[in-house]
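Positions annotated as S-adenosyl-L-methionine binding site by TrEMBL: 97, 124, 125, 126, 145, 173, 190.
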């Protein structure tokens, strides 16, 4: 995820927020003042409310030591375990988000043969969780994000002894991809739909990196109605469908998380 400075909390009695706006216009004003408010608040129009018994993926114990967590995939019979340093100081990308766990769980479910030997790029990597899992499963991976998150990604690569499988690169959406990243066979993206001004930049980067043969796994949490604008932009260059072979799909769909495969239009 892209790192952004976190502003002060908003309140609806803020005198700078007009009171005569419709719902979409009000969303735009609030987003401009506080781009991360939807990540801190899960009271989404899409999410089921008061459903405390619903889990995103099967529950798993987390061993936590300071700013260290350990995540295993799948939780009940681990194939991959990742040690992860988390740190919110560079922005929201420095912590683990549910969509990243869902995507990590799915690629583990697909197995080593699915990823082994493939050139893989993760967009908006944040901590690098998904890319680390892909590397542990045999992929040749480039985790990418903005400059403030590169250090935590480097640390997590070393923590898991994946230097031979996972490389860290700066990539700002909308800019030309780094020359050292070859055309990927698989693109992974988790929880990249959250800041509306970045929507066209993300679509541009997806289009720049993908060939018609590139597989793209795109996992996101629906947080607000304005997210539909991203898919309006996306459909100009891509088609998509939901992943249907994930045995945990029912669980995470209840939490408004979707896992899609994208295909670039000719």
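Glycine residues also receive a Cβ, built from the backbone N, Cα and C atoms like all the rest.
Keep in mind that what you see is a predicted model, and the values were worked out from it rather than measured.
Projection of TrEMBL feature records onto the structure.
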residue : record                               : CB count, 10 Å
97      : S-adenosyl-L-methionine binding site : 22
124     : S-adenosyl-L-methionine binding site : 27
125     : S-adenosyl-L-methionine binding site : 33
126     : S-adenosyl-L-methionine binding site : 31
145     : S-adenosyl-L-methionine binding site : 29
173     : S-adenosyl-L-methionine binding site : 21
190     : S-adenosyl-L-methionine binding site : 30
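The full span of the recorded S-adenosyl-L-methionine binding residues, 97, 124, 125, 126, 145, 173, 190, taken as their largest Cα to Cα distance, is 20 Å.
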